[in-house]
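Under the heading active site, proton acceptor, Swiss-Prot lists Asp89, citing sequence analysis as support. Feature annotation from Swiss-Prot assigns site 'Important for substrate specificity' to Arg21, Thr90, Gln174; the stated evidence is sequence analysis.
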Amino acid sequence: MPDRTAAPSYPFVYLASQSPRRRELLDQLGVRYALLAPTPDEDAEALEAELPGEAPDHYVLRVCVAKAEAARARLVASGKPAAPVLVADTTVTLDGAILGKPADAADALAMLARLAGRTHDVLTALAVIDATGELMPPALSRSAVRFAPATRDALARYVETGEPFGKAGAYAIQGRAAEFVERIDGSHSGIMGLPLFEAAALLRAAHVAF
């Protein structure tokens, strides 16, 4: 195992995500980053497939680590300078079921109808592979979100905005879905997709300077 006490520091991290929210959150921390997006020949969606009977926390951690390993391989193949790689993955769970990204408007509306008037969990996993290629112990942020009761018409109007698409659980807490959020217990940044407390700890352990 590398001696981290003697490791050099790195002025930036590779962010393997296309999420503008995660970029904004890294900006909030003052972390410099370079994007490391999947190449056109990579099947990123295949990594998100659920295994039969898989628990939500196991699922999100497994997917996050798989994405981190794919990103590290992409970095090595690119010949770019060595630096740590950061990956995050978020899922929503209700009654033990995983609510991923909606397939279409009907799917989004069905998800939101399930969440209305209920408390669900938002799980965000973080994985960092350091500059030597070692996977650091992943982190998991768990937050509870309470949705107020909402009419089907109100939910349908929200779906029509297009905001639910590409979002786990079919909503973005930092967007117009805030009108449905009665309360949260946990990490607001984690619900957005990058828990900053855990991210800062992992990045400092990987010797990212910020």
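Here the Cβ of each residue, glycine as well, is placed from N, Cα and C on the backbone.
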For this session: Take the C-alpha atoms of Arg21 (site 'Important for substrate specificity') and Thr90 (site 'Important for substrate specificity') and report the distance between them in angstrom, rounded.
Result: 12
For this session: Please work out the number of neighbouring Cβ atoms within 10 Å of the Cβ of Arg21 (site 'Important for substrate specificity'), leaving out its own Cβ.
Result: 19
Exercise. Do you know offhand how many angstrom separate the residue listed as 'active site, proton acceptor' and Gln174 (site 'Important for substrate specificity') by C-alpha?
Worked result: 17
Seminar exercise, completed: Spacing of the two Cα atoms, Thr90 (site 'Important for substrate specificity') and Gln174 (site 'Important for substrate specificity'), in whole angstrom, works out to 15
Exercise. Of all the recorded sites given, Thr90, Gln174, which has the fewest Cβ neighbours within 10 Å once its own Cβ is left out?
Worked result: Gln174
Problem set entry | Asp89 (active site, proton acceptor): tally of other CB atoms within 10 A of its CB | 25
